[in-house]
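See below for the structure under consideration.
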């Protein structure tokens, strides 16, 4: 869809929130600007906050009266809202209308800024507020609440409230019609409010306001990017120190492991693909049949002896990689795999499995092109790394590692 549907922030919260007790709208002020929305269910009277949210109210008035010069050509000179639907109605939340397309994706041909006043909040039934798809994306769509909706504060511009007809708001159903909107001005201040002038002057300044807003957003984004970069650098430095300390502690273990790998590689069998493997311990001598489920224990190493992952809890503890959360989730156990399957694992590992019988223990020396190649694997396996796996395949899960119910 070319345009985003106008969605309310935290809609899920609104739908699932318990209905609160409705408040009786306050008695209408004797002076002010009022909007009378005539619908097929009756009249809704609202007082508009033209002093606190002048641009938003000016937009609404000029659309309602057909005096907005910034609308698309087919809407110029016509009362914009006449004949439009309440296209979205959510029980115990709100009614929404003002979309020229009738589906939530339409607008008048422009977008304008948010106006937030601390005294205007979504604090009761009957609040009139602007629908939007994010900051500064107001257009013609508005909503009226069934209840207090405080999670919408400072996200949607409140610009009025119901003074009569909340029962009509509550009776509105989806696709009910807005027949017309009549604007009533009472008092000198209200009659002097020139909605056309207010909105036109804002739209004249809008390009410059948008430019300044974009500059401010850029400065803010650059500042945040700098903070993020500094944080990542500190994290990387801390990790490097921790890794160095770990390697220092593991030095003798890594040295012994590298020597072990060297001896085992010398006795290994090399396949045409470049994989080298050796059976360290023979099992039952029974080879799994194609398609049979097997259970695979493993320990994966870099050539310098560093352990990058293992299904053995004991090995993880030796290398200082034990994770209590993984243990609590019974994560240290063989993983299930369908024997003979041609995907799901790196090529060298798949080829190595095919050399094994049940209960065999083997070691695979996997060249980079049969492993994770030029891309590596995240921050775990560097690009172009040759890797080594110690592997055991089982016919059933050991009782001690059966997943807890």
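Any Cβ shown, glycine's included, is placed from N, Cα and C.
Bear in mind that TrEMBL entries carry predicted annotations, made automatically and left uncurated.
Since we're looking at a predicted model, the values are computed, not measured.
Same-chain neighbours of the coiled coil (213-247): 136, 254, 306, 320, counting only residues six or more beyond its ends whose CB sits under 8 Å from a CB of the stretch. What TrEMBL records for 213-247 is coiled coil.
Look at TrEMBL and you will find 42-174 tagged as domain 'PPIase cyclophilin-type'. Applying DSSP to the domain 'PPIase cyclophilin-type' (42-174) sorts its residues as follows: 24 helix, 32 strand, 77 coil.
Residues or ranges marked as domain 'PPIase FKBP-type' by TrEMBL: 291-397.
The signal peptide annotation in TrEMBL covers 1-18.
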Original post:
Residue counts in helix (H, G, I), strand (E, B) and coil for the domain 'PPIase FKBP-type' (291-397), per DSSP?
Top reply: 21 helix, 34 strand, 52 coil
